[in-house]
Amino acid sequence: MRIYLIGLVAKILGIIIPLLLGVAFLVLAERKVMASMQRRKGPNVVGILGLLQPLADGLKLMIKEPILPSSANIFIFLMAPVLTFTLALCAWAVIPFDYGMVFSDLNIGVLYLFAISSLGVYGIITAGWASNSKYAFLGALRSAAQMVSYEVSIGLLLISVILCAGSCNFSEIVLAQTRIWFVFPLFPVFLMFFISCLAETNRAPFDLPEAEAELVAGYNVEYSSMGFALFFLGEYANMILMSSLCTLLFLGGWLPILDIPIFQVIPGSIWFSIKVLFFLFVYIWVRAAFPRYRYDQLMRLGWKVFLPLSLAWVVFVSGVLVAFEWLP
């Protein structure tokens with residue numbers, strides 16, 4: 001029993017510690033890449049080439065005074081960022097980094113991840129409501145509407161992938177892409193899924209809940225110190241999670257780019273990391289290149305474009321698989 005508990009704790013720490021380090025350096029990478037795209041230098045003072053900037057930012061947030069609004073519901077106000085960050089961590093339980101390298105290899109891994117991601121809206125909307133601020137509440141309402149709208153499309157797009165793979169288990173979905181990655185036969189599904197992931201994680205050009213010009217900072221406007229830091233960590237952890245999800249569903253997870261001996265020597269976890277880093281770069285590139293959508297444009301895209309198209313793709317994929325007897 002003791003050995004089992006030690007192994008369990010080691011597995012949990014093996015996910016949490018690299019994830020927190022990844023989030024810290026993702027923030028630095030984002031600032032560096034955006035600075036390069038905008039012909040600036042970016043952080044370059046703290047440490048060599050600014051590599052210690054995440055540590056300095058973390059220490060700054062830790063030693064700041066947590067300010068609690070006098071009219072806020074204190075308990076819910078404090079629990080909302082904890083809920084957001086906890087859900088962001090729980091989702092990683094079913095993500096395989098290599099064959100067999102997964103915390104819990106569930107047969108319903110896709111459904112588990114979809115359920116956890118849909119719960120993330122509660123942390124945001126309770127934060128906006130408990131703050132008792134009109135800016136925070138409007139930001140939370142926008143975020144809730146945005147996340148719920150695009151979750152419907154994400155769910156239907158996931159069905160197309162599940163039909164092709166014949167399983168809800170992430171490891172089996174990756175192994176189903178041994179001959180060809182799903183990004184090629186399902187390219188429109190991949191595009192819609194990635195754009196929906198941008199909206200689901202409240203990233204540019206869909207970062208309407210945090211629209212600085214009109215809502216100051218959105219749902220976390222009243223947060224400071226570690227409350228703000230937990231929301232920040234949760235957002236970037238979800239970015240890495242969605243990049244991992246795109247990698248598993250469409251780019252073959254840990255499978256090498258080409259099935260040749262020299263590529264098979266490289267560990268699968270390295271291939272997985274390279275693909276995730278590619279998607280993270282695209283996240284940053286989109287933020288630097290595209291302007292923010294209006295709220296009505298965002299809702300129209302979700303309900304009038306992506307929802308009918310994703311439903312049509314489910315019908316089309318089902319028809320093709322049945323007609324050619326390709327059902328797994």
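Glycine too: its Cβ is placed from the backbone N, Cα and C atoms.
For reference, Swiss-Prot has these:
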type     : residues : note
TRANSMEM : 8-28     : transmembrane segment
TRANSMEM : 74-94    : transmembrane segment
TRANSMEM : 108-128  : transmembrane segment
TRANSMEM : 154-174  : transmembrane segment
TRANSMEM : 180-200  : transmembrane segment
TRANSMEM : 213-233  : transmembrane segment
TRANSMEM : 240-260  : transmembrane segment
TRANSMEM : 265-285  : transmembrane segment
TRANSMEM : 305-325  : transmembrane segment
Considering only Cβ pairs under 8 Å, which range in 74-94, 180-200, 265-285 makes the most contacts with the transmembrane segment (154-174)?
180-200
For the transmembrane segment (240-260), sequence-distant contacts whose Cβ falls under 8 Å of one of its Cβ atoms, 6 or more beyond its ends:
19, 22-23, 26, 88, 91-92, 95-99, 113, 117, 158, 161, 170, 173-174, 177-178, 181-183, 186, 190, 193-194, 197, 200-201, 266, 268-269, 271-272, 275-276, 279-280, 283
